[in-house]
Amino acid sequence: MEKNGNNHKLRVCVATCNRADYSKLAPIMFGIKAEPQFFELDVVVLGSHLIDDYGNTYRMIEQDDFDIHTRLHTIVRGEDEAAMVESVGLALVKLPDVLNRLKPDIMIVHGDRFDALALATSAALMNIRILHIEGGEVSGTIDDSIRHAITKLAHYHVCCTRSAEQHLIAMCEDHDRILLAGCPSYDKLLSARNKDYMSIIRMWLGEDVKTRDYIVALQHPVTTDIKHSIKMFELTLDALISFKKRTLVLFPNVDAGSKEMVRVMRKKGIEHHPNFRAVKHVPFDQFIQLVAHAGCMIGNSSCGVREVGAFGTPVINLGTRQTGRETGENVLHVRDADTQDKILHALHLQFGKQYPCSKIYGDGNAVPRILKFLKSIDLKEPLQKKFCFPPVKDSISQDIDHILETQSALAVDLGGTNLRVAIVSMKGEIVKKYTQLNPKTYEDRLELILKMCIEAASEAVNVNCRILGVGIGGGIVHQHELIHGSSFCAAELGHIVVSLDGPECLCGSQGCIEAYASGIALQREAKKLHDEDLLLVEGMSMKKEEVVSAAHLIQAAKLGNTKADSILRTAGTALGLGVVNILHTMNPSLVILSGVLASHYVNAVKDVINQQALSSVKTVDVVVSNLADPALLGAASLVLDYTTRRIY
């Protein structure tokens, strides 16, 4: 148990309520029992397991050599809606004493029965971790609501299909606490090989029955529409009587309406009909063999749409009880029927067919995955579960720490000469600024940027600023909001290509605006002139160790250096052509040039617009920003605008 940090065996309580859930829980129980060095197993039996009319199915648990620690009589007879509610209440009254006595580390709860809801409610309120088996599935009736309610109470989830996993995630459950394992019963189904299956068939259906020449029928009441489900059961029995094939009919479960369904069976004489065998319970190992070799299974049990697919046995699913379940091609649905004819027609279509085996619900390896998942549970983790909600409107309540903090961004300006990083507040105030000379190599630049950002982030703590993100780049404002683009790379305006054979850009392309008009581009041209002794004119001087920069080029142009002036005009023209492209694409009402070079380019940009732009966009205003650090403020606004929105 070193992996999960627990220093004792994991005490696991498995609670089983009926024959159906035991078929799913038994493989897990056997797995837990086989590893006593890791687990202690406590078995609690309640619900219809302890009722004679439903077969006293607790005996099969004893036959499997499990010690039953507690038997709880929780079913209030009546088989109606009120009896179901009273049964839940009775279980809630009795369970606290049991759980106080057992003190399990974790309780395993299966499925969607009302008994399971009582188990999950009790465990949750008593701060016991819950592992829910088969959450996330979809079916009809009240079962859906109960299943999803248990999901909300459970701390860990074992699901059987990819769709169920996605449903749990959509229900805001923590993905790290969801295990896609497959159905535990499939571990047994896919390994079931009984050479003596004929003796099982003869024992339950008679000596003269052959394989693929009998029917298994299992139908339960639909608690949200009891009257209609009883009518469907009548029609099903009428169709089976007319079909004249040997049929094994299992009694329905304990849900509301089951008493009326039993009355229908007796009214039609099913228990004494020569073609029928009516039974309360069949042990799961034998039931597997019966459905595996049947000519057809009919009814509305989840077993029909789940487990039977493992054998390719034809299934007729009746009514709405399993609406939404994933099914294989072996299932034919009869959603509604006014007469027996539709069901009878379905029997003629399905009986005796053999379909490919389906593994939608499992591959036979669920139990090893579940045991590994159990071993990974860290009991030191907080018990309170968390939900992974999608983004919604921010809460209007406030936290004092947030009030005292200044929401801020780290802004990065990748200049030609200098790299600059600043902490910028929500009000647009530069709290602190860092400036370093731009290294020559790409690797050194990245290393320096990272170092400066780390330094600034550390300092932000000292000046009580909460950094919301890091911003780099320019921007396009549309309807008072920045355009970010699908990958937050919108407005890379410097890399608009204005010439196919222009100078090489740092991005690897040729003829970008940046290759003509950036500070680095002007510095490059200034250095060329200086190397040819064509830069300095009268009135200029440079120290020997002084680095040539764009400022020297601008100064030379002002003092009458025609070559320097020509370079600036070319740069301004390139920028103007880029702006024209933007005008034709975005049709903005305002163009703002910012940075130290903006004032030198503004006239050239206006000239190009007048010469090259369509008449519909020529009237656009082109102005120079008067902000002290427009690049830093613009980069910060990318972060502050996005992270502080109330609706995304």
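Just so you know, glycine gets a Cβ as well, placed from its N, Cα and C.
Just so you know, TrEMBL annotations never went through curation; they're auto-generated.
Feature annotations, courtesy of TrEMBL:
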- 38-375: domain 'UDP-N-acetylglucosamine 2-epimerase' (DOMAIN)
- H495, C505, C507, C512: Zn(2+) binding site (BINDING)
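All protein chains considered, the CB of C512 (Zn(2+) binding site) has 27 other CB atoms within 10 Å.
Listed in chain order, the residues near the Zn(2+) site other than H495, C505, C507, C512 are G494, V497, L506, G508, S509, I513, E514, A515, each with its Cβ within 8 Å of the site Cβ centroid. The Cβ of C507 has fewer other Cβ atoms within 10 Å than any other of the binding-site residues C505, C507. Around the Cβ of H495 (Zn(2+) binding site), a 10 Å sphere holds 16 further Cβ atoms from the protein chains shown.
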